[in-house]
Amino acid sequence: MTLQQQIIKALGAKPQINAEEEIRRSVDFLKSYLQTYPFIKSLVLGISGGQDSTLAGKLCQMAINELRQETGNESLQFIAVRLPYGVQADEQDCQDAIAFIQPDRVLTVNIKGAVLASEQALREAGIELSDFVRGNEKARERMKAQYSIAGMTSGVVVGTDHAAEAITGFFTKYGDGGTDINPLYRLNKRQGKQLLAALGCPEHLYKKAPTADLEDDRPSLPDEVALGVTYDNIDDYLEGKNLPEQVARTIENWYLKTEHKRRPPITVFDDFWKK
């Protein structure tokens, strides 16, 4: 088995999908989890205005709507959380995503004050954060807020990780990568677009250039620039297609060096890191 085949298998990726079937699969997955653990009353998700959180948010609200109708349990809710750092440049996209999702509840937590306070505390301890590490601080502050909300609403935190993100480890460890349940896991980027199109999402929310937008020195830096490969390259790789050797090597190098991000903390029983 080639490394490409191993990666495809590990991430559960498929070369082709039926959008309606995958929508149903994710919604049923969320519903089943909530029914298995009836003490869970809420799904909590940060909404950025990008493709992934828009899709995950819509699926969460669909699952909650169906469960309430089927069980009569009105205590169930989906909580969409806006987590800007100061003023977000694409705030209108966030509002458009909220309008599309129609969440039960919307909370806004501006993380800038908390991030600056943390940065100052570290500075006083003799640690000056680089712009890149400050970006990770933002991602972790966002996740901290979501877990606080989940803790106070008997909830779980929903993630947006999918195959095209997992393969490169393009997430912050214990930031946006630290979640309870990931309904998009298995899909590549273009497949996520297919689901949103089938759901009637406004096109500009999934046709915009994806960006983590964590760095102050490089605001709205496109993911594809940071990664050195395009999402079309990554999707083609996950669909088992042949790519130029250098492109495939770049993707595989990302996968291998970020393996620790896709695993629990390393113990004496692990040996994957010895490769």
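Note that Cβ sites are derived from N, Cα and C of the backbone, with glycine treated the same way.
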Further binder of ATP named by Swiss-Prot next to Gly46, Ile47, Ser48, Gly49, Gly50, Gln51, Asp52, Ser53, Thr160, Thr211, taken from the candidates Lys138, Lys144, Lys189, Lys241: Lys189
DSSP three-state assignment for Glu165 (Mg(2+) binding site): helix
Long-range Cβ environment of Asp52 (ATP binding site), under 8 Å and at least 6 residues apart: Thr160, His162, Glu165, Leu184, Gly192, Pro210
Length of the line joining the Cα atoms of Arg140 (deamido-NAD(+) binding site) and Thr211 (ATP binding site), in Å: 17
